[in-house]
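**Q** Shown below is the structure under consideration.
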Amino acid sequence: MAQFVFESDLHSLLQLDAPIPNAPPARWQRKAKEAAGPAPSPMRAANRSHSAGRTPGRTPGKSNSKMQTTPSKPGGDRYIPHRSASQMEVASFLLSKENQPDNSQTPTKKEHQKAWALNLNGFDVEEAKILRLSGKPQNAPEGYQNRLKVLYSQKATPGSSRKTCRYIPSLPDRILDAPEIRNDYYLNLVDWSSGNVLAVALDNSVYLWSASSGDILQLLQMEQPGDYVSSVAWIKEGNYLAVGTSSAEVQLWDVQQQKRLRNMTSHSARVGSLCWNSYILSSGSRSGHIHHHDVRVAEHHVATLSGHSQEVCGLRWAPDGRHLASGGNDNLVNVWPSAPGEGGWVPLQTFTQHQGAVKAVAWCPWQSNVLATGGGTSDRHIRIWNVCSGACLSAVDAHSQVCSILWSPHYKELISGHGFAQNQLVIWKYPTMAKVAELKGHTARVLSLTMSPDGATVASAAADETLRLWRCFELDPARRREREKASAAKSSLIHQGIR
């Protein structure tokens, strides 16, 4: 009997269909238990009997609370600042400045620091706002290009950045003969006056050509045999012409009277570059020295600048008269102040990146701290500088000798004259320095460039003994009339006689 019970228990275990003691309930058991729910209470039963005859309006078991909707308009109390108007660097500076002691400064020093801040930052730090409520972000300074400008600026693209489709003649408007012009890279032999008179130095003579009437006049001829004219420069306002000679003289001529007013001798070598700053005439010599002449007084030589070891072949005053740029055969570019500092006449900046002689020197007319320079055959580069920070803003390989650079304020462009191998003039777009056009026609290297007073015509003197006039910056009639009205309203700044 015991054996039968043992076999029966063994058989039931092997079948595996009997419930396992203390095992968790099966899934179907759990579902059935959940569907049955808790035992109904009397209150819940009464409510169920009261609503048994009503059709449910929603899915059973779903909450009858009102659905939340998104408001049609956001609240008016949320402030989102413009990123372009949040100047974090200025904010950090202003916050840290509060903890510093206030050092009293003279009004002159404050004005000087304000000018530096405007040139470096593009805005006045003292008047800058950290966060500003505004409808549109402020425009970038004119001539300034960055990738964020496209993203944050909502204003129309300025004319300097907009692509132009103007017609640029590829042929010169007029060709004049320039016999016996000296083929010397270091000389500055042409200049155009505000009275629309072009002065050209041909060996030992200076000729004047009136662009208005076409008349030609010989102003002077050197007295000593072997002497020649090495530079010419018109005063900005007036009828006076400065002439530099190979005999180290600087002559001053009254063009209307065709009379030499004075002969200034302070250099020891030929004078290859001249430039005016009101009544101050600056002259650069082969000795490497720059002299300032006050043409109003008898003792004209008022300053000597010694920053070059070889000939000074490029000399330009800034439009505001605060800086003088000089380029030399020693591959240097110096930026000088208009007045001596505590240490005397010391350059504010010295640029050494050029690998050749620097004759092409030109200041930007609408940005007084921007300077363009061009190198000779060993360098062949055009470089744009910020003279306040000393940074090189851009550099472009011109693939040939750069003899001269001019700025066009009408179209925000530059034009440069070149030597071998194509002897061409090249127009560049600023600040991208993209090539706009090439003007070819000279059969020898270009020596000098000068621009007409209306800014529409460029005259190029070359070693092929020709003077070519290019109307490459012609204005439309409306803009020309506006410029003529502005020019007529200006009065002359020269009220003192030159003696």
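Glycine is treated like the rest: Cβ placed from N, Cα and C.
Sequence annotations record features per position, and here Swiss-Prot assigns region 'Disordered' to 20-81. Look at Swiss-Prot and you will find 61-72 tagged as compositional bias 'Polar residues'. The annotation repeat 'WD 2' is assigned in Swiss-Prot to 224-263. Annotation comment: Swiss-Prot describes 307-346 as repeat 'WD 4'. The repeat 'WD 5' feature in Swiss-Prot is assigned to 353-395. Summarising the annotation, Swiss-Prot assigns repeat 'WD 7' to 441-480.
If you look at the structure here, what lies around each of the features I listed?
**A** Distant neighbours of the repeat 'WD 2' (224-263): 182, 184, 187-195, 197, 199-206, 208, 217, 269-276, 278, 281, 283, 285, 293, 295, 300, 492-494, 498-499; these residues of the same chain sit at least 6 beyond its ends, with a Cβ under 8 Å from one of its Cβ atoms.
Within its own chain, the repeat 'WD 4' (307-346) is flanked in space by residues 185-188, 269, 272-278, 282-290, 352, 354-363, 365, 368, 371, 373, 375, 379, 385, 387, which lie at least six positions past its ends and keep a Cβ under 8 Å from the stretch.
Counting same-chain residues at least six beyond the ends of the repeat 'WD 5' (353-395), those with a Cβ under 8 angstroms from any Cβ of the stretch are 116, 119-120, 142-143, 185-186, 313-320, 322-323, 325-333, 335, 401-407, 409, 412, 414, 416-417, 419-420, 428, 430-431, 433.
With DSSP classes pooled into helix, strand and coil, the tally for the repeat 'WD 7' (441-480) is 4 helix, 16 strand, 20 coil.
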**Q** Report, as numbers and ranges, which residues of the same chain sit near the repeat 'WD 7' (441-480): CB under 8 Å and 6 or more residues beyond its ends.
**A** 166, 168-169, 171-181, 183-185, 187-196, 198, 200, 211, 401, 403-406, 408-411, 413, 415-420, 423-425, 427
**Q** Please list the DSSP helix, strand and coil residue counts for the repeat 'WD 5' (353-395).
**A** 0 helix, 23 strand, 20 coil
